Amino acid sequence: MTALTIPGLDQAPTTHQRLLAWVREVAELTTPDQVVWCDGSDDEWERMTAKLVEAGTFVRLERKPNSFWCASDPSDVARVEERTFICSQDPGDAGPTNNWMRPDEMKATMTELYRGSMRGRTMYVIPFCMGPLDAEKPMLGVELTDSEYVVVSMRVMTRMGAKALERFGDDADFVPCLHSLGAPLEPGQQDVPWPCNETKYISHFPEERMIWSFGSGYGGNALLGKKCYSLRIASVMGRDEGWLAEHMLILKLISPENKVYYVAAAFPSACGKTNLAMLEPTIPGWKVETLGDDIAWMRFGEDGRLYAVNPENGFFGVAPGTDWKTNPNAMRTIELGNSVFTNVALTDDGDIWWEGMGEAPEHLTSWKKRDWTPGSEELTSHPNSRYCVPIEQCPIVAPEWQDPKGVPISAILFGGRRATTVPLVTESRDWQHGVFMGATLSSETTAAAVGQVGVVRRDPMAMLPFIGYHAGDYFQHWIDTGKGADAAKLPRIFYVNWFRRGEDKRFLWPGFGENSRVLKWIVERLEGTAPAVETPIGHVPTAEAIDLSGLDTPVADIEAALGVDVEEWKAEIPLIEEWFAKIGDKLPSSLRDELEALKQRLG
Ligand code: GTP
Ligand code: SPV
Ligand code: MN
């Protein structure tokens, strides 16, 4: 009965019965004051951002057009892996790397949390599409949320609103994504700038292709098209339908001879995907264009090659460390405006600032909304502070970035953040060995997820927090992907590490634009023109094999970055064994064979 009295509920611009029924059901449960169907228009953006400014959530920036500064609640700053669940019917389908709860139990718990949770707020209906709208089978979703911040961010990060709803027709499939901040307002109650709830759940129902999120307004916890849909749910779709959903950037590399190579690279969160995707090569004649910085969906084309599409429409990039020296293309992208900056510092003249931008101004407002001066002990910006900006503004976006067919991938890079052991670059022996490299990838944890930072953990294919099913089945899916293909057409697999350190703890490799030198060696390997040394862990270049012209890094550092220390690698073996033991019976036997072969080669 109450539902009939919720304004807006019946003003649906669609005749899609399943969508209408679900929106009504959620409205009746969460009891918002009104329902608004988002159209994605400029007017809507104006209304939403004005509302956020009025609420004290946003500050309009004087120095960037149509852009906003935003500070979250200090308790709501990153993905919450501990509170992320894969609610498959069978716990064996979630596997040892995911938190699991029975779907009916999770639904019962969360239904009680959602009951009345949107009281005093507006429920927004956001129809969206991951990947190009003109795809043969567009990948649709609908997010219901009581957060204006989410509406604004989804407009940047996805193709949403009326243009997405057009593709729904009367009965298209879509992924229902329910999100509530869990912060209902009583009549007359003053709102806070960043409403959220101490209790958080990020729940996935893989069999139903459904997502329920509660209690957080930040990043991947709340923008449900991103990690929840495009990785956790999409990885399950990919398993069932024979494709791959991966935590990968997509870049286009153009050689001085104008030959084009598309590269996909998987690095864990805050380990360099955005930076590599927008790289400005330091070696003459080479060019990079960007197609995506975080997620790639890959499937075989009719020609037997693996094609990648970026499902996203925006960059949600780590702010600290981004500046004109490290990532000029990101700076150029945000200069154009239309951006939201969350948890960075605000300058007195209405611009943004963060660690890594050079000399700090005399005075800032920190992400904690406190006065900050160069003598302050605190950071100006949270280490996981982010800019959110449309991809199309990137000056080096590849013209084909929206092609629904995708781009054919020549090389896949796996990489992590390791102070020791892992060389700057290693080429795998073949696909299966490359899958082994990915499956045993390790990296130091970062601020992108709540928890300890700097702890080495296994992060298979940079997907540890994002595999929506059993990690053993996921490895098998990777193995099968290679088995079903023409080996000559498969991308070649490489393992990179920009983060190896010397004894004095400084980075041995200069990174950023200089990573183009490594890309050049990779391309020369594809062309069969660059030498490499066969080591127990794979094919590694010598310093002479890499173009170091014009680089002032001491050759001794480069040699150290490329070094394969057999003792260090022997020390990795028990860690890999422990990891494989955790995967259990579903570990593909081919990966066990790879481990045995590695042990043999290490002697
Ligand atoms: P997510 O968006 O969390 O998935 O992160 P990402 O993989 O896109 O990482 P990003 O490119 O934003 O880089 C994260 C941090 O690593 C930033 O502070 C960068 O400045 C730093 N970084 C990126 N590339 C390099 C590199 O080549 N060398 C060094 N030393 N640091 C790098
Ligand atoms: C990551 O953590 O890998 C991100 C940020 O890209 S989030 O959207 O929060 O997942
Ligand atoms: Mn990411």
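Quick reminder: no glycine exception, Cβ is built from N, Cα and C everywhere.
Any TrEMBL annotation is an automated prediction that lacks curation.
Binding of Mn(2+) is annotated in TrEMBL for H247, D294; the matching candidate from K200, K227, K325 at the same site is K227. In the predicted model, the domain 'Phosphoenolpyruvate carboxykinase GTP-utilising N-terminal' (22-239) has a mean pLDDT of 98. Among the binding-site residues R79, S269, F512, residues whose Cβ is positioned under 6 Å from ligand 2 are identified as R79, S269.
Proximity of the binding-site residues (R79, S269, T274, D294, S385) to ligand 3: a Cβ under 6 Å from the molecule is found for S269, D294. Looking only at Cα atoms, A270 (GTP binding site) sits nearest to N384 among the binding-site residues G219, G220, N384, S385, R386. Less than 6 Å separates the Cβ from ligand 1 in the case of S269, A270, C271, G272, T274, drawn from the recorded positions S269, A270, C271, G272, T274, N384 in sequence order.
Straight-line distance linking the Cα atoms of F512 (GTP binding site) and N384 (substrate binding site), rounded to a whole number, equals 19 Å. Rounded to a whole number, the distance between the Cα atoms of C271 (active site) and Y218 (substrate binding site) is 20 Å.
Between G272 (GTP binding site) and R386 (substrate binding site), the C-alpha separation comes to 14 Å. When the CA atoms are compared, the binding-site residues lying within 10 A of H247 (Mn(2+) binding site) are S269, out of the candidates R79, G219, S269, N384.
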